[in-house]
Amino acid sequence: MAFPTKKLIDDPIDVVTEFIEGLVETYPGLQYLDGFPLVKVVLRADVSAATYDKVAVISGGGSGHEPAHAGFVGEGMLTAAVCGDIFSSPPVDSILAGIRAVTGPKGCLLIVKNYTGDRLNFGLAAELAKSEGYKVETVIVGDDCALPPPRGIAGRRGLAGTVLVQKVAGAAAAAGLSLDDVAAEAKHASEIVGTMGVALSVCTIPGQVTSDRLGPGKMELGLGIHGEPGAAVVDIQPVNVVVSHVLQQILSTETNFVPITRGERVVLMVNGLGGTPTMELMITAGKTVPKLQLEHGLAVDRVYTGSFMTSLDMAGFSISIMKADPAILQRLDAPTKAPYWPVAADGNHPPAKIPVPISGSRTVKTDEPQSQPQQLNEQGQILEVAIEAAANAIINIKDNLNEWDGKVGDGDCGSTMYRGAKAILEDIKNYPLNDAAETLSEIGSSIGRSMGGTSGIIYTIFFKAAHSHLKEIPHSGVTSKQWAEALTASIAAVSKYGGASAGYRTLLDALIPASLVLEEKLNSGDDPCTAFILSSEAALAGAQSTVEMQAQAGRATYISGEILSTVPDPGAMAAATWFRAAALAVKEKHEST
């Protein structure tokens with residue numbers, strides 16, 4: 001199946017040159033040679049062949065792998081990067097121009113990924129440069145561990161491990177080493193690193209359509225960075241399972257791709273392939289480190305997570321493992337001005353987590369956890385059934401809330417409220433139900449801990465404000481009018497800090513009518529249960545009326561009135577739902593006693 005693609009480009013032919021123009025506009029330490037479109041070379045702005053007194057480190061290849069390689073040009077890493085067209089090796093003349101531009105008397109090292117076109121073009125350029133009197137050495141990087149040891153002359157493909165080799169070589173050159181020594185360090189680094197990639201999609205070449213050869217529910221193991229097929233197409237698996245497979249492949253003692261054995265130290269690179277969110281890359285890193293430690297017996301000295309060598313917009317990642325020793329770590333930790341080398345990843349790790357600070361007032365109050373009284377008084381029994389009914393009602397309406405929120409928000413209102421309701425049902429066994437004020441405070445704590453987002457903080461404020469209003473009342477019981485006053489106080493607090501009021505298309509459009517009716521009915525002498533039921537009907541009517549309102553708070557403010565008129569506000573419906581459920585439960589409890 002093929003389908004058109006969407007790209008933020010002009011002419012697909014110009015994407016590489018326009019990328020370079022944007023890159024050098026962004027980073028003042030970079031320049032490019034004025035030879036477009038044939039010569040596409042990015043180089044350090046502070047380096048001139050006539051005056052440069054260190055070994056120049058040059059790399060490159062086909063474009064489409066950004067930030068590699070141009071994004072790693074900078075003091076302490078690459079001196080120049082030679083860019084080809086998308087997935088095409090740069091021509092010999094372009095490579096030779098890069099060599100001439102930055103190579104001084106100490107010579108240059110070419111770091112080349114192991115692809116036939118790169119080897120041939122960089123190789124010929126090296127020979128031509130030597131014939132002009134330049135000192136040139138070449139290191140080929142083939143770190144792919146996905147496929148069985150190759151037969152013939154092709155060898156293993158060059159992947160993201162190349163970036164680690166570039167950093168080692170760049171640091172060695174910056175330290176003033178000779179060309180032979182820089183080349184030796186780069187060659188050593190290339191021999192102790194292994195990489196394997198995993199993809200959820202193929203990439204989209206600018207100006208072309210994308211063929212989803214993987215199909216729905218499939219992933220590819222061991223593919224190359226140009227979208228070429230990998231070792232196998234399999235069903236999508238949890239990242240935990242995928243990471244285990246990748247590590248087993250890289251560290252296999254049967255293939256012996258990298259000379260790493262149990263008890264040794266390693267460096268880890270988790271590399272995004274272009275279309276993978278940072279969140280998923282960090283999840284992958286978080287799964288990989290303990291597996292290296294516990295399943296493979298390796299100490300992890302450094303972790304680099306991000307997009308270093310991509311395949312345009314491919315969804316997926318690669319994992320690179322490099323054997324670590326003090327010399328390698330010194331090179332990786334050495335300073336660099338390359339704009340896309342990760343900062344803050346050097347140095348030894350402190351403990352990953354530390355205890356959460358606890359409020360001083362809580363520790364002074366008691367060191368014992370809250371717990372439900374052994375015997376509930378009448379108020380405690382009523383609170384228990386009302387809380388349970390309200391929480392269960394929210395759980396039951398989760399999917400409806402998500403559906404409504406998917407049209408006017410980010411689609412997670414039901415899931416967010418569900419987390420709070422589940423936490424309340426789990427924590428209720430520890431609520432001091434005979435103490436109404438403290439129970440409300442504990443509900444607020446359960447919500448604050450579990451819900452997150454705007455809804456979480458709003459409801460935490462709501463229940464903490466009610467607690468503040470009721471905490472001076474004796475434990476013997478809270479009157480109906482005091483409950484009504486607490487509701488009014490909670491609404492006022494939410495309005496104060498959230499900025500919303502009646503008619504803003506929020507949960508207050510359910511709670512404000514409920515509060516007004518409750519106060520009115522109680523003042524007119526109605527039975528408290530009846531007043532509660534009538535106020536819950538007002539809450540439901542208020543929530544339903546939000547269909548006719550234009551949002552003035554929250555994400556819904558960005559949605560057109562035409563769309564808003566198709567659904568009620570999910571926050572208001574959630575509030576009306578739990579309020580109505582609590583009222584019905586209280587009525588049923590009274591009728592049964």
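Yeah, the Cβs are placed from backbone N, Cα and C, and that goes for glycine too.
Under the heading domain 'DhaK', TrEMBL lists 11-341.
Residues within less than 8 Å, Cβ to Cβ, of His65 (substrate binding site) and separated from it by at least 6 positions along the same chain comprise Ile225, Met309, Thr310, Ser311. Annotated substrate binding site per TrEMBL: Gly62, Ser63, Gly64, His65, Lys113, Asp118, in sequence order.
Positions annotated as active site, tele-hemiaminal-histidine intermediate by TrEMBL: His226.
According to TrEMBL, the feature domain 'DhaL' maps to 381-584. Averaged across the domain 'DhaL' (381-584), pLDDT in this predicted model comes to 89.
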Between Asp118 (substrate binding site) and His226 (active site, tele-hemiaminal-histidine intermediate), the C-alpha gap once rounded to whole angstrom: 13
Entry from the binding-site residues list Gly62, Gly64 having the most other CB atoms no farther than 10 A: Gly64
Cα-to-Cα gap, Lys113 (substrate binding site) vs His226 (active site, tele-hemiaminal-histidine intermediate), nearest whole Å: 12
